[in-house]
Ligand SMILES: Nc1ncnc2c1ncn2[C@@H]1O[C@H](COP(=O)(O)OP(=O)(O)O)[C@@H](O)[C@H]1O
Ligand SMILES: [Mg+2]
């Protein structure tokens, strides 16, 4: 080895330009998507056939065709858009408030020992209260209308975001933080140039969890004295005995929840291209 | 230059990692500290860099006490520790943010050229091999033009070929930048290939055992008789250092 070492040239390294690695082919993706719909589609078709051939009435569990008809009816009267839009605006309003507060307080407690000792115990105590338990109080304080609903959603979003951000900050690798120390970054520069970029992936996960909880809490909020929104359609469908309306609202919830999560994920993806993980951007 | 003055370090758990180590770096030399795993090499460099504070003794740079990291002392860690969210070029520029844009870009370009990675400027760290990443880390440490560069087993995680390649790179950087290097390693061949002077450490607690000056001409031919004689001398000093304390070494 030692004889070879002197004549050993720097290895000629591939001169490829920075090409993003591991992009899956479009065909493989659509094949996998198809695989995912096999089960729900199959079950729907089976139920459709069972009801059509008269083995079941489908009164309590209507077949897909009736649910679709109900969706079309709701859409054509404009009710579907109206209720969806109201629910969506409640979720987004609550999400915005909860996320901003969660990130801000998470960063403060995650970067300052003093603030952490001061604030974190209170947040942990508040977190152990099931958030729905606040509803009566919020209604007393803020009334029955929008403010109490949006606040409840914001509370639901706040905790996962706060917890995700502050715990991610505290588990930043010491070795990474030392790079900041060796280049003598100020405290603020360390937060901005080392800590915040380090926790970006965890923050996106926390925000997506928060958004999911926002959708959960909007249903709770709309169960309580709402006269509009998808949650109202649920209650209304139950009181009038219209399972098709309930299922139509549930389907809409599913589509909206998935869509907002996908939008959030794709907004974050360009900032996470540097990540070196098994599953590329979701 | 850099002076380590009777450095001792006891970790909070009671481990005495270093006991009264004194070393003086000469301007422009490469000093290699050789010792087995756990004999306090990393501890020594962490104290020298100001990342940790000694329990006793002090670190002096031209007579000034070094109590925290300073611009004139750079550090290359055992792992590259690149920031994964920055491109290769941005990583190299990490420590020179205060320079004007044009100057900063010129320096990054020059350094990437010197470590043979000009074509990789726009890449993410995840797209580099281990050897390439460590070259970026060396470029990053040199970017602020420190007077002293501390290197903590920088090539120990690499295969033999890559290691020799990087050692050659390091010598070229040293000849071009004319800085003082303090290199810590457990690899005797590496120490003899690079250093002007080798210091041997012994463990439990970490102390200096011997100093071996190397006046081998550069470039050094690893297969030459003087090179191999120097390797034997360092190896001999290392085993002497361990042998002089039979009970301790056997018990451990
Ligand atoms: N943070 C730490 N806390 C306690 N003991 C440590 C710490 N770091 C290192 N040590 C101990 O100090 C000794 C020297 O460690 P180190 O300087 O890392 O050795 P080397 O770099 O030569 O392998 C070892 O016995 C190790 O276990
Ligand atoms: Mg070490």
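Positions of Cβ are set from backbone N, Cα and C atoms, glycine also.
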Can you identify, from A:9-32, A:33-56, the stretch that TrEMBL calls transmembrane segment? A:33-56
Looking at the ranges A:70-89, A:150-169, which is given as transmembrane segment in TrEMBL? A:150-169
Counting CB pairs under 8 Å, which listed stretch among A:33-56, A:91-111, A:123-144, A:213-235, A:247-272 touches the transmembrane segment (A:150-169) the most? A:91-111
Chain residues in Cβ proximity to the transmembrane segment (A:213-235) (below 8 Å; excluding those fewer than six residues from its ends, i.e. six or more beyond): 74, 82-84, 86-87, 90-91, 94-95, 98, 131-132, 135, 139, 144, 148-150, 152-153, 155-157, 159-160, 245-246, 248-250, 252-253, 256-257, 260
Name the range, of those listed as A:33-56, A:190-207, A:247-272, that has the largest tally of Cβ pairs under 8 Å with the transmembrane segment (A:91-111). A:190-207
What parts of the chain pack near the transmembrane segment (A:190-207), using Cβ distances under 8 Å and only residues at least 6 beyond its ends? 99, 102-103, 107, 110-111, 160-161, 163-165, 167-169, 172-173, 176-177, 179-181, 264-265, 268, 271-272, 275
Sort out the residues at least 6 away from either end of the transmembrane segment (A:123-144), same chain, that have Cβ-Cβ distances under 8 Å to it, and list them. 105, 109, 151-152, 155-156, 159, 162-163, 217, 220-221, 224-225
